[in-house]
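Colleague: The structure that follows is given in the form of C-alpha cells.
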Amino acid sequence: MPTTPTTTPTIVSGTNTQRKKKGKDFTKAEDIGLVEAYLGVTTRPEVGDDMSDETMWSLIKSTFITKTGDPQSRDTTSLKSRFNSISSKCQYFSANYAKVMAQPHSGENDNDMYERACEKYVDFRPANSGKNFGLKHVWDILKEEPKWKPQVPKPNNEAEAVDGTTKRPTGKHKAKENKEKRQANDKESAEAQALETVRIQQEIDRDRAKAVLMSAQSEMLMAKHEIMKVNLHGLSDQQQEYYRIMQKRILDELKEEMESLKKKQKETVNVEDEDEEEEGDREEEEEEEEEEEEEEEEEEEKQ
C-alpha cells in the first residue's frame, strides 16, 4: 500500500475551491492604453460582424502591448473584464453628465458641471455601490465616441431671428402657450433621459453578468488544469481512483468538444460548397440563355 504524503493536493469537485488571486489594479496609463487600443481596433473598416470576438481581442491585446510596452502584464481575460467595467461606468456617468448639461447653473463652467455629475454618480448606489467616479482619465477619451457621448436633447422652442427688426413683446396668450410647450418638452426630455438611464443600467447588468461568466469559465479551466497536472505517485488508493475518474471525465469532455467543433466546421464547409454549386448552376443557366439569345439573333438576321 502506498505511503500517504504529509501534504496532499486539494481535491476539487466540479469547481475550483481555491479562488484565483486578484491581479494588481490597472494603472491610469494602462487604462488609457486599453481604451485607445479598443477604439483603434474596433473603428477599423475591416472589423465587422464577421470578425470573431476572440480575434478582435487578440488584436486589442497586441495593440495594448505596443502602447504599454509590457507583454507579460495582462492577459486577454483581464483586458476584457477591465474594459467592460470602464465602459459601463463611463456610460452611466455620461447619462448623469447629460442631465447636468440640460440644467446648467448660472456662472457654471465645465469643471463645475463635471463635479455635479460626479455627485449624481455617487448617489446612484445600485450601479456603483456609492463609489466615486475615478475614470476621468478615460472618460475624456470615450466621451467623444457615440456610445459614451452625453446625449443632451435639443430644445424645440429656440427663438427665431427676425431680419432687421426688433421682436415684439410676447402676449399673455402666447406666453402661456410657450410655457406649456416648454413644460411638455421638459417632460419629454425627462422621460427620454429616464429611458436612457434604464437602458444604460441594463447594459451595465449585462456586462457584469458577462464578466462573472468569463471569470467562472476561467476558474473552471484552471481547476481542470490543476487536476490534469496531479501526479498520482505517492497518493492513497482512494485519491488515485478519484483523480483517475476526474482526469478521464475531463478528457471525455474535451473529446466531445472537439467532435462538436469538427461537426460545425464540416457543416460550414458543406453550406459553402452548396452555395458555390448553386452559383455555378446559375452561371451555367445564364450562359445557356445568352447562347440561345445569340442563336435567335442570328436566325433573325438570316431571315
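Backbone N, Cα and C atoms are what each Cβ position is placed from, and that goes for glycine too.
Pasting the relevant annotations from TrEMBL:
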COMPBIAS  1-10  compositional bias 'Low complexity'
COMPBIAS  177-190  compositional bias 'Basic and acidic residues'
COMPBIAS  259-269  compositional bias 'Basic and acidic residues'
COMPBIAS  270-303  compositional bias 'Acidic residues'
DOMAIN    160-250  domain 'No apical meristem-associated C-terminal'
REGION    1-25  region 'Disordered'
REGION    147-193  region 'Disordered'
REGION    259-303  region 'Disordered'
Colleague: So how many of the residues in the compositional bias 'Acidic residues' (270-303) end up helix, strand or coil by DSSP?
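Modeller: Final tally across the stretch: 33 helix, 0 strand, 1 coil.
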Colleague: Please compute the mean pLDDT of the model over the domain 'No apical meristem-associated C-terminal' (160-250).
Modeller: 74
